[in-house]
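Enquirer: Take this structure, written in structure tokens, and hold onto it; I'll ask about it next.
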Amino acid sequence: MNEKIIQKVRENIPLIHHLTNAPTMNFVANGTLAFGASPVMAKSIDEAADMAKNADAVYINIGTVAAEDIPAMIAAGKAGNEKGIPVLVDPVGNAATPFRSQAVDRILAEVKPTVIKGNAGEIAHLAGMDWKVKGVDSVGDGNIEDAAKLVAEKYDTAVVVSGKTDVICVGERIFTNDTGHHYLTLVTGGGCLLGSIMCSCLSTDDSIEEQLLTAVEFYGLAAEYAVAQDHVKGPGTFMATFLDALSMDAAILKGEKQHESINS
Amino acid sequence: MNEKIIQKVRENIPLIHHLTNAPTMNFVANGTLAFGASPVMAKSIDEAADMAKNADAVYINIGTVAAEDIPAMIAAGKAGNEKGIPVLVDPVGNAATPFRSQAVDRILAEVKPTVIKGNAGEIAHLAGMDWKVKGVDSVGDGNIEDAAKLVAEKYDTAVVVSGKTDVICVGERIFTNDTGHHYLTLVTGGGCLLGSIMCSCLSTDDSIEEQLLTAVEFYGLAAEYAVAQDHVKGPGTFMATFLDALSMDAAILKGEKQHESINS
Amino acid sequence: MNEKIIQKVRENIPLIHHLTNAPTMNFVANGTLAFGASPVMAKSIDEAADMAKNADAVYINIGTVAAEDIPAMIAAGKAGNEKGIPVLVDPVGNAATPFRSQAVDRILAEVKPTVIKGNAGEIAHLAGMDWKVKGVDSVGDGNIEDAAKLVAEKYDTAVVVSGKTDVICVGERIFTNDTGHHYLTLVTGGGCLLGSIMCSCLSTDDSIEEQLLTAVEFYGLAAEYAVAQDHVKGPGTFMATFLDALSMDAAILKGEKQHESINS
């Protein structure tokens, strides 16, 4: 983890344009704010590209996409590509229905992603591998690194496979991260918000492997910190405390420093 | 309450397909996850039926329905009927506007519900009885059991009328439940999430009266437990702790067992 | 602050019809409920006007508006005007894209607002003044009172400019409020929910300056109270406690009275 990346995000307050799913918008926006960036979620084709031109990164997540939403996603992604800002694509549940699979194909045919991020089932589906899924969740197992490398080559992009161990593929290099907690899977949008935190980190001038590793490691540490707090008794109190943790310094999450009172 | 139903849900992790309203999606998804099931909310006509084919139950809730959403609700409901999985319909605020009333009629003309669930005003409206409503809330009073029986016969379905006393009608039999707390009415989606918890319970192989009674009794106990926690001071802290409670065993909610720390 | 206005809201439970943005719907609905009013969010053109006819105030917020949403906003606003109930317009991020600016123009050409409420950048844009914005946030500075007066005259409306100091313009008179906390800017919908609280206060029979001052002062006090609680450690726990605070009496927020346990 490169903590300077987090500091830069908090100094620059990058504007992250989200084309994302309905159920998790509120949580993702709050997590983006907590981390120190600025979310905007202008989903209309009438302004998606204009908003991307103002932004520092574009995040496309197909969680509850309908056919009529795809043109705005493509327009925002292309505007991001033209501006030269990072564009992250999250192919949520792409194996669950033919429509989802085709929606991702349509987007990736026109938008060049800086990063494709998904769970193992989603990345495996993009790689053309068989994988067991349930709704929008991955429940199968197989060689995740192979899947990531195939997708990285096929789409000429960095790839992040989120899971118990996160796998990051940049070119032919593989990096892994083991911070995190299964409680993130008990909160809707745990994966979606990670995509937004990645976008925030991608907006700095550091190397992409440092940016992605910082995002996943910090995110996992925040979950570990939240679960370790005495007042957290389940997914509801976890969610509130996890948002708190995203606003803290890495040193606090790692137990190297005490959290200062905000009540003074 | 049959606690084995809850155990089965947590072992099988049923996939509940939600066609539901925008303001409460996040809360409903989080409550479904907390309870132990898996929510998906694919609202597009392009995949609503395909997603239902993968699911263990279908939940149709018209809280913020627009005309263009109705075909996807019908497609998902029909796919659920064909697969033989439970389909629950919640006619939110059907008496508030002619459009809502007609939307419910259109859905129920094509979809065979396993359960219709609503507040007293909604069920009374379906029964053709006069009832006072305010927006999407019921404020009138009358004979709830009669209303439930009329709706059960008219639509050949089980009926749940949620309220201070929940009334369940299966065939000609009436069951009631008195767990719960008025704080559930201070959180948006308190009724919507109950529909999803019912769907989870309906996915087991038990009798429908046991499934519905278990859902409403457990849900009410979770609310009572949350309100009784010292750190709960109002609707915001209630909501977080209620989600925690939904993830616990019934024995903990009833005070028969201590909650184990999740922080170990 | 006129605490009787808050008491009247809690006695009358006004129905506030929201035509609002997707990411903050859940938070706004919960805040409206916590404060003591009743939210409804019927966004469809098929019922927006009918729902407004049942309501006590109409709130139009363009946060994630698409072209197809505008007719429903106009229909609800006009129905509110015809019924003689307060109509509040929040031109969220109107300077961010041409589409937003035009959307607001279209709405204000047909709907007569009782109040226009925005941040400094939004009000300045309506006034035709140059102002620096970032996404949907205002980051510039200038003479806010002048901007408010220009907008009040141009649209024959009261104006509220929310910010560190809130500025209220009624006719040619200016009122200000200094309660509040920067944590409100770390939670998505902090401004949106204020609009809804204003609508609740506007539903009483008091003078508009008292209604608006009561709303902004109470809202700011609730934020101050939440931040001062020991268990609030960041934006996530703040959000839950802020919702609690919105349900309390002003005397508690001001420290003049203890909060009674809800656990009895």
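Every residue, even glycine, has its Cβ placed from backbone N, Cα and C.
For A:Met41, A:Gly189, the entry in TrEMBL reads substrate binding site. Annotation comment: TrEMBL describes A:Lys117, A:Ser162 as ATP binding site.
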Enquirer: Given a separation of at least six residues and a C-beta threshold under 8 Å, show me what packs close to A:Met41 (substrate binding site) in the same chain.
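Expert: Result: A:His17, A:His18, A:Leu19, A:Thr20, A:Met25, A:Ala29.
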Enquirer: Applying an 8 Å Cβ threshold (strictly under) against chain C, tell me which of the binding-site residues A:Met41, A:Lys117, A:Gly189 fall inside, in sequence order.
Expert: A:Met41
Enquirer: What's the CA to CA span in angstrom from A:Ser162 (ATP binding site) over to A:Gly189 (substrate binding site)?
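Expert: Per the Cα atoms, A:Ser162 (ATP binding site) and A:Gly189 (substrate binding site) stand 13 Å apart.
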Enquirer: Quick check: in three-state DSSP terms, what is A:Met41 (substrate binding site)?
Expert: coil
Enquirer: If one measures from the C-alpha of A:Lys117 (ATP binding site) to the C-alpha of A:Gly189 (substrate binding site), what distance in angstrom results, rounded to a whole number?
Expert: 14
Enquirer: Count the Cβ atoms, other than its own, that fall within 10 Å of the Cβ of A:Gly189 (substrate binding site), considering every protein chain shown.
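Expert: Other Cβ atoms found within 10 Å: 27.
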Enquirer: At a 10 Å cut-off from the C-beta of A:Ser162 (ATP binding site), count the other C-beta atoms across all protein chains.
Expert: 27
